[in-house]
Every structure is written in C-alpha cells, then in structure tokens.
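Just below is one structure, and these are the notes that go with it.
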Amino acid sequence: MASGDPSGSDSASSHAARGEEASSDAERRQDTRPGGTARDSAPPLNRLNSRRRRRLLGIVVLCGLLLLSCALSILVGAKLIPPNAVFEALVATSSTENNVIIYELRVPRTIAGVLAGSSLGLAGALMQGYTRNPIAGPSVLGITQGAGLAVVLAVFTLGITGMLGFIWFSFGGALVSALAVFVIGSIGRGGATPVALALAGAAISALLQALTSALVLLDRQSLDTYRFWKVGSIAVSDMGLIQRVLPFLLLGLLLGLASAPGLNALSLGDDMAAALGHNVARSRAIGVAAIAVLVGGAVALCGPISFVGLIVPHIARYFAGPDHRWLLPFAALGGACLVLLADLVGRVVARPSEIQVGVMLAMIGAPFFIALVRRRRLMRL
C-alpha cells in the first residue's frame, strides 16, 4: 500500500499558488492608502467580487465602443453615403462607386485602425510594465527610430517609395533596433534591468535618429517620403498590406497577453519574482520580443502613430487596476477605440479633406494627458 507524502503535497500546493501571489500582492498595493493601512470599508471578498464585476463591465463597454467606432468609421467619410446604402454595399458584390469606396477605402482603413491601435496600446502597457517607466512609449526602446531609418535606407539606396515596397524594411528595422537595445541592456552582472533597457534605448534612439537625419538631408526624395511616413496614417487601401502584417500582429498580441503573470511578478521586483519561481531574464526577453513585433508591425502598416502607447495604458490602469491580466486587454481594446475615434474626428473636421490620425492623436491626447497628470490620476507602476 502506497503512503501519501505530505511534503510533496505541500510543494505542489505552493507551486500552484505561485501564479496568483503576484496578482494578489499587486491588488493589495492598489487597495492600500498612502499611510500604509488597507481599506476596511468592506470585507476583502466583497471588494474582490466588486472589482471583478467592474472590470467585466468595463470590458463589455469597451467591446461595445469598439463596435460602434468600427461602424462609424465605415459610415463616415469624405463622401456622404446614407446608412442604408452602406449596408447594401457591404452585402452586395457589385462594382458601383459606393461599393468601391466602402470595400477598397473604408473597410481596410477600419481594419488597419483596429490592428494598429490594439497593438500600440498593448505594446505601451507592456513597455511601461517591463521598464517600470510611466512615460515609456515605442521610442523608448528605439523601435520607431529603427523603422524610420530602415524606410529612409530603402528610399535612399533602392528608390522604393510605396508602402507595399518598404513594409519589410520598416518591420525589419524595428526588430533589429529592439534586439540591439536588449543585447546592450543585458550586458553586465545585473542583466536587462529596467534602467539598463531605458538607457540602452535612449542611446540607440539618438544614434538612429542622427543617421536618419543625415540621410534625409542628402536626398530630397528620401526627405519627402520620410516626412509623409513620419506623420502616421491608417489610410490603408491595400488589403494585401494588411494580410502581410496580420500574422505578426496576432503573434505579438498572443505573446503580450500571455506575459501577464510574469509582469505581475516583475512588478514586485526582480528578487521577489525570482523567489516566486519566475525566470526574470526569460520573461523580459519574451516581453521585448512581443513589444518589437507589435510596434514593428503597427509602424510598418501605418507609420509611427504617436501617443497611443503612452496615454492608453494609464487610462486602462485607472479602470483596470495594476493586475496585468486585466490591464493588458483593457489597453488593447482602448488603443483600438482611441485610434478609430481620432481618425474619425480628423475626417469630419477637415471634410472633404482629412487630418492625419497621428496629428489628431497629438492634438487630442496631449491636453487629456496633462489633465490626468494635474488631477493626480496616473497610477504608480
């Protein structure tokens, strides 16, 4: 007769509980006042259930807002098309003018906005979590600068000018720059610490930006192409471009969402994360890979759209709290909604022309972000 092993049972139970310890510690940090005393206005279980219901409601609201944003993005444009005509164009297969506008202009634009917004929002939350820097964005790791230099090199050396032509240059430049930052930041006994990654990113960004500036000053065609690309736009009219980038963005989204437990542990500090059984170096490597794929794909598709990766994680953190299992989906949905709504405003205020979404996001996002800072509503990481 086999006898039970109490020590083996205890170790299995403790191992199963490790995945929840980091999240519960992060929750307790959120529920603690500056004086250090936990709020006791309600039993802990009731508070937990209330927070979970609020988060689920928030996810449902964001999904509804995203569907509404997609519908408005297809309905609204330079040409006024009645809603019934839009619906007929969506279900019909004829080649009328309305069908061409809907299928070749508005639908690809909407899909590009959803993909770019969700990727940049999620990448911003990952970046702020892994670097523990509340103002981290795609430029912190030099990803945007690497993509920009690759685009300029494609124009300068090969004469490529179309988005479909330099998409792989942009994507490759983003990945190479992110890899360089991670390798340089990993040098030393401490490994890829948040400070090391931030410093390596700042150095690489400055170098890449200097090389880009030197090239565009030497060639007018490179300057014209880079100037238009730099603004950022989701006016994508080629579904082939979206199909080429889609697998990478989906891979980045899956990697990013799957890294939530590791991020919860790292938010407690590297030593505590290691004590809980997490491989800190591997977690950061996976995180940097997810960020590089997400930002590289979004930049290759739409150019360097600013402000999404900076402001969306703070808004998501305000509603979802510090638990990355909720924060990351909130950031992805919020980023998609923000990009679509900003693009919609840019098309309405300048009709029949339009204002690029990168410009609109800076105009809308900067005052809103300043207001959040002044009201002290930004959560500490």
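Each residue, glycine too, has its Cβ placed from N, Cα and C.
In TrEMBL, annotation is done automatically, which means it is predicted and not curated.
Model, not experiment: these values are computed from the prediction.
TrEMBL lists 1-47 with the feature region 'Disordered'. Taken from TrEMBL, the feature compositional bias 'Low complexity' covers 1-16. According to TrEMBL, the compositional bias 'Basic and acidic residues' annotation covers 17-32. TrEMBL lists 56-78, 135-159, 166-188, 194-218, 245-266, 286-315, 327-349, 355-373 with the feature transmembrane segment.
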> In the same chain, which residue numbers or ranges, 6 or more beyond the ends of the transmembrane segment (327-349), come under 8 angstroms Cβ to Cβ?
Replying inline: 55, 58-59, 62-63, 65-66, 69-70, 72-73, 76-78, 109-110, 113-122, 124-126, 234, 253, 256-257, 259-260, 263, 305, 308-309, 311-313, 315-317, 319-321, 355-357, 359-361, 364-365
> Excluding the flanking five residues on each side, which residues at least 6 beyond the ends of the transmembrane segment (56-78) place their CB within less than 8 Å of a CB in that stretch?
Replying inline: 86, 90, 101-102, 105-107, 109-110, 113-114, 319-320, 329-330, 333-334, 336-337, 340-341, 343-344, 347-348, 351-354
>> Test of understanding: applying the rule of at least three C-beta pairs under 8 Å (pairs 6 or more apart in sequence), is the transmembrane segment (286-315) touching the transmembrane segment (135-159)?
In response: yes
